[in-house]
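J.: Sharing the feature lines straight out of TrEMBL:
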{"type": "BINDING", "residues": "Cys4, Cys7, Cys24, Cys27", "note": "Zn(2+) 1 binding site"}
{"type": "BINDING", "residues": "Cys72, Cys75, Cys100, Cys103", "note": "Zn(2+) 2 binding site"}
{"type": "COMPBIAS", "residues": "42-59", "note": "compositional bias 'Basic and acidic residues'"}
{"type": "DOMAIN", "residues": "68-108", "note": "domain 'TFIIS-type'"}
{"type": "ZN_FING", "residues": "4-27", "note": "zinc finger"}
Amino acid sequence: MKFCPHCGGVLRTQRKADSLVQLCPKCGYQESVGKRNMSSSRRTEKTKMDQPMIVEHEGANSTSLPKTKVVCPKCGNNEAYWWMQQTRSADEATTRFFRCTKCGHVWREYD
């Protein structure tokens, strides 16, 4: 990968007539490329797993989440951690979850 010396954009390789050039899509800068300067590689690794990989999501258990002022419906505390998650189809709004900083009760709010 090479970057444009003028604007820092990523140069894209294109064929022009009988030669290859690297062209910046942002500012139009171009430079010719000799075959010695070109290299291509592709590497694919497949790993057979004996057991499925488990990825833990901290979600409601993380204390590093942002806090907001909202009243807990269970204990009346006025502060909760919050996060957003896409729980329905992509064309619908995300669901906002809250976890009370005092009792740990989790509830959700739809937009």
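Glycine is treated like the rest: Cβ placed from N, Cα and C.
Give me the structural setting of these features: burial, nearby parts and distances.
T.: In sequence order, Cys4, His6, Cys7, Gly9, Val10, Leu11, Arg12, Gln30 are the residues near Cys24 (Zn(2+) 1 binding site), counting only same-chain partners six or more apart with C-beta under 8 A.
On its own chain, Cys100 (Zn(2+) 2 binding site) has Cys72, Lys74, Cys75, Asn77, Glu79, Ala80, Val106 as residues at least 6 apart in sequence with a Cβ closer than 8 Å to its own Cβ.
Across the domain 'TFIIS-type' (68-108), the model assigns an average pLDDT of 89.
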J.: As a quick check of your reading of DSSP, tell me how many residues in the domain 'TFIIS-type' (68-108) are helical, how many are strand and how many are coil.
T.: 0 helix, 16 strand, 25 coil
J.: I need the CA-to-CA distance for Cys103 (Zn(2+) 2 binding site) versus Cys27 (Zn(2+) 1 binding site), whole Å please.
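T.: That separation, Cα to Cα, works out to 56 Å.
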J.: What is the total of other Cβ atoms whose distance to the Cβ of Cys4 (Zn(2+) 1 binding site) is within 10 Å?
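T.: Taking every protein chain into account, the count is 19.
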J.: If you count other C-beta atoms within 10 angstroms, which of the binding-site residues Cys27, Cys72, Cys75, Cys103 is the most crowded?
T.: Cys72
